[in-house]
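Each remark here refers to the structure printed beneath this line.
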2 protein chains.
Amino acid sequence: TARTTVTTEEPKSESGGLVLIKNPHLDTMEEDILYHLDLGTRTHNLPAMFGDIKFVCVGGSPNRMKAFAQFMHKELGLEGSGEDLADICAGTDRYAMYRTGPVLSISHGMGIPSISIMLHELIKLLHHAKCRDVTIIRIGTSGGLGIEAGSVVITDTAVDASFQPRFEQVVLGDVVVRSTDLDRDLAEELLACSKEVPDFPTLIGHTMCTYDFYEGQGRLDGALCSFSSEKKLEYLKRAHEAGVRNIEMESTAFAAMCGLCGLKAAVVCVALLDRLEGDQIRAPREVLREYQQRPQRLIAAFIRRRLGLHPPAGPALPSSN
Amino acid sequence: TARTTVTTEEPKSESGGLVLIKNPHLDTMEEDILYHLDLGTRTHNLPAMFGDIKFVCVGGSPNRMKAFAQFMHKELGLEGSGEDLADICAGTDRYAMYRTGPVLSISHGMGIPSISIMLHELIKLLHHAKCRDVTIIRIGTSGGLGIEAGSVVITDTAVDASFQPRFEQVVLGDVVVRSTDLDRDLAEELLACSKEVPDFPTLIGHTMCTYDFYEGQGRLDGALCSFSSEKKLEYLKRAHEAGVRNIEMESTAFAAMCGLCGLKAAVVCVALLDRLEGDQIRAPREVLREYQQRPQRLIAAFIRRRLGLHPPAGPALPSSN
């Protein structure tokens, strides 16, 4: 290939809880337009809007991230129903963003390029807003590997399609290799929280991140497929032997970018199916909807615990129906 | 790296105008659920819904693709205002899809993984619906390279970040290299149509496709940037010397997948800025909105010409205001 250089970047340094922007050019800019969020340093008072944010939750679907913000609103015991939370990025349809209390909920679309654009602008937003001690969690959907549909996987290591813990980023035509470490303590804390939501299985495992949903994940049901069912299963079993328990499309870039910028990060995804059993997502929409609420309920338990709130008493949560 | 095999696939074969599905497994499936479109072969009569589609237009933003469908509705002289066109994928928020006459308009989100999921399911949809002689066009936004902001670029060749006309797809952990050829005659036909919309410049050039908007396109204004302004300009000038006239994030995958499946494909993107002049998209929203209508107006002229319709008489087009 014409790519020439491969480098590995230094690990993150200490930041006193602030977000680390690794870009010396940014300080010289008079204005920073966060184009895909429809926000900017001159048009918005970012410290006033976001300075007290402590938890950032991201996920692919805008509707799901709105539902999560509404759910968190109730879980935090805040006034009002939360039904009228406004989309902070209403001026654009690239992403949707909601806040309730110290929690920010943002959609990122599907795939590494889409989450990468959002993370660049979100991380600059947290920097401009002078946020401190932010925890960021991706709550998503995935395909499981040798686990029951509906299981929730907390990622210990995000790996690429060769099962390696790395994210390859092309910069000026050259490949830069980045670490995909996630916060081990945070993963263990989340696993401990899962005892509070015992009606579904939660486990820790590796998460494989691919650039494609069909051929890239060994599916036989895309418009293109040049391999046999045997080759597919051989690949998925190798992934399972390497410790992979689920497959999605954003975790390596998420882990790499958050790690470089000093954000404590976790990935918590529900498995919509077991890929050793099939390729098509066949569960009824109602079942899938309940599956998608499981990471939300786990993260709500985690945030409540961090904030010293007891689980809300009274009627069952809407999401548990 | 742990990737082991590099292969180049055979060119497309003749199809009698039908869409070529290159997947022998698909015929053995009793049902095909197009999960991210919320459509399926058992739940929907795809030939009745889509069998007469001749033009498929795709673009990143769901709002823009809805506006395009409404605009085409008027351009085709169809009854009603077109304001009430329904989202065919209303059951999911992953993509939005509208149809008017023989034109299908679909959003694909941002980046190769996102457009790739949509194209797998769209191509299967066209196959299940037994569509014939479909032309597919991506109408998008991009950064220009040495061209005036607002210029429209018709892509002759989609190239990667090393300026090579190839798309690398990871399949079962191995790299497969695919051609990114687009239809030359279609590009020339579109350039000829641009004479009918003379109030903005249209040109043919190479389009560079990247996996990242910030570091991957040499921007100095992301959360991460490890290179100098000089290195950035040196890279962008090399791209310009290689024939690149604009940069976006979907064209190589689009060209490769459509080419393999026998779809005549074109990429038509407006440049929102000249990247040799800067990185941030600073034009007012109103100006950007008008820029984004330019590829739509060109494609409307093309579809009208293909259908033998004269340009509509009477008041000026709303989009030209």
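Each Cβ is built from the backbone N, Cα and C atoms, and glycine gets one as well.
TrEMBL lists A:54-304 with the feature domain 'Nucleoside phosphorylase'. Sequence annotations record features per position, and here TrEMBL assigns phosphate binding site to A:R94, A:R138, A:I139, A:G140, A:T141. According to TrEMBL, the substrate binding site annotation covers A:Q217, A:R219.
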Candidates A:T141, A:Q217: member of the binding-site residues with the richest Cβ shell (10 Å): A:Q217
Residues A:R94, A:R138, A:I139, A:G140, A:T141 binding phosphate per the record - widest CA separation, whole Å: 19
Binding-site residues: A:R94, A:R138, A:R219 - member with fewest neighbouring CB atoms within 10 Å: A:R219
Residue pair A:Q217 (substrate binding site), A:T141 (phosphate binding site) - Cα distance, angstrom, rounded: 14
A:R94, A:Q217, A:R219: the binding-site residues whose Cβ falls under 8 Å from a chain B Cβ: A:R94
Local backbone state of A:Q217 (substrate binding site), from DSSP in three classes: helix
Model confidence over the domain 'Nucleoside phosphorylase' (A:54-304), averaged pLDDT: 97
Rounded Cα separation (Å) that holds between A:R138 (phosphate binding site) and A:R219 (substrate binding site): 24
CB within-chain contacts under 8 A for A:I139 (phosphate binding site), separation at least 6: A:C57, A:V58, A:G59, A:F68, A:V268, A:C269, A:P295, A:Q296, A:I299
A:T141 (phosphate binding site) to A:R219 (substrate binding site) - Cα separation in whole Å: 16
A:R138 (phosphate binding site) - helix vs strand vs coil (DSSP): strand
Integer Cα-Cα distance in angstrom, A:R219 (substrate binding site) to A:R94 (phosphate binding site): 28
